[in-house]
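I'd like to ask some things about the structure below.
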Amino acid sequence: MSSSSFLCLAFTLILGGSIVVGVRGNDFTRDFDVVWGRENARILDGGRLLELSLDQRSGSRIESKNRFLFGRVDLQIKLVAGGSAGTITSFYICSGGATHDEVDFEFLGNVSGEPYILHTNIFSHGKGGKEQQFYLWFDPTQDFHTYSILWNPLNIILFVDDTPIRVFKNYEAYGVPFPKNQPVRAFASIWDADDWATQGGRIKTDWSKAPFVASYRNFRANACVWTGDYPACGDTKWMQQELDWWSWMTLSWVRMNYLLYDYCTDTKRFGYGFPPECALPN
Ligand SMILES: *[C@@H]1O[C@H](CO)[C@@H](O)[C@H](O)[C@H]1NC(C)=O
């Protein structure tokens with residue numbers, strides 16, 4: 001038996017006593033709390049639409065009421081249009097605490113007409129430093145697009161409109177920490193990061209263009225909801241999901257055409273040796 005099918009089996013047993021919950025419709029009021037910049041978060045259309053804004057006073061952040069241990073979360077986002085330099089709009093999962101686990105989508109704004117960068121990172125047991133950055137193959141300010149994080153005991157996969165852009169495999173067997181014990185919440189936010197976000201921090205936020213508004217809709221959590229003792233799961237097809245051959249081809253296409261930065265090729269930074277996962281197939 002391969003180590004991965006062993007993992008699946010072990011997990012299936014743990015889930016043996018869990019409650020099945022269905023995926024419910026999107027309602028930001030019901031599913032999230034505004035935890036920063038209350039005045040800058042607007043929930044509209046009966047809970048279906050969320051607008052987070054950034055002005056000189058504050059940004060804003062929401063956090064899911066539920067915690068999840070494994071699952072797939074999807075969120076549709078329409079980014080700040082026009083001049084968005086200095087701003088970061090994000091969607092991420094995070095467990096909190098000093099040894100937190102975290103998976104990030106961060107959209108780095110730009111001057112009008114220049115492309116956003118999609119910055120991704122993964123933290124296991126408090127340690128990040130696993131950045132990959134991409135350009136997108138569409139204008140993310142024109143329409144809503146779906147950004148997804150799939151997280152199971154085998155791997156973490158990031159998708160943009162169902163196209164896989166990044167995989168982080170569970171290489172615990174090779175000494176690479178992998179998030180698997182700490183339940184996470186889902187977060188969305190907008191904030192000012194003009195010290196590094198745009199063209200390496202050279203371009204500052206143009207406050208005359210404020211407020212900067214990002215829109216969110218259709219949050220879905222097809223996930224194991226953490227209830228204290230053991231998680232309750234919905235449809236768990238994703239629990240064994242890995243990339244098939246076709247998905248690997250698509251991922252290669254994304255990397256070949258849109259990858260801008262990969263920590264695993266940053267020789268300046270890792271002159272003394274790359275992290276172990278960089279030498280393993282990913
Ligand atoms: C902004 O535009 C410049 C010029 O096209 C580009 O080099 C940069 O990667 C873009 N994105 C960010 C976030 O700086």
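The backbone N, Cα and C atoms fix where each Cβ goes, and this holds for glycine too.
Those TrEMBL annotations? Automatic predictions, nothing curated.
Sharing the feature lines straight out of TrEMBL:
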type     : residues : note
ACT_SITE : GLU102   : active site, nucleophile
ACT_SITE : GLU106   : active site, nucleophile
DOMAIN   : 13-216   : domain 'GH16'
CARBOHYD : ASN110   : N-linked glycosylation site
SIGNAL   : 1-25     : signal peptide
Sort out the sequence-distant neighbours of GLU106 (active site, nucleophile) for me: same chain, 6+ apart, CB within less than 8 Å of its CB, listed by position.
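Non-local contacts for GLU106 (active site, nucleophile): ILE88, THR89, SER90, TYR92, LEU118, HIS119, THR120, ASN121.
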Kindly state the mean pLDDT of the domain 'GH16' (13-216) in the predicted structure.
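Here the mean pLDDT over the domain 'GH16' (13-216) amounts to 94.
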Three states by DSSP: which one describes ASN110 (N-linked glycosylation site)?
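Going by the DSSP assignment, ASN110 (N-linked glycosylation site) belongs to neither helix nor strand, so it counts as coil.
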Filtering GLU102, GLU106, ASN110 (recorded positions) by proximity to ligand 1: which pass a Cβ cutoff of under 6 Å to any of its atoms?
ASN110
To the nearest whole angstrom, what is the C-alpha distance linking the residue listed as 'N-linked glycosylation site' and GLU102 (active site, nucleophile)?
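Taking the Cα atoms only, the residue listed as 'N-linked glycosylation site' lies 25 Å from GLU102 (active site, nucleophile).
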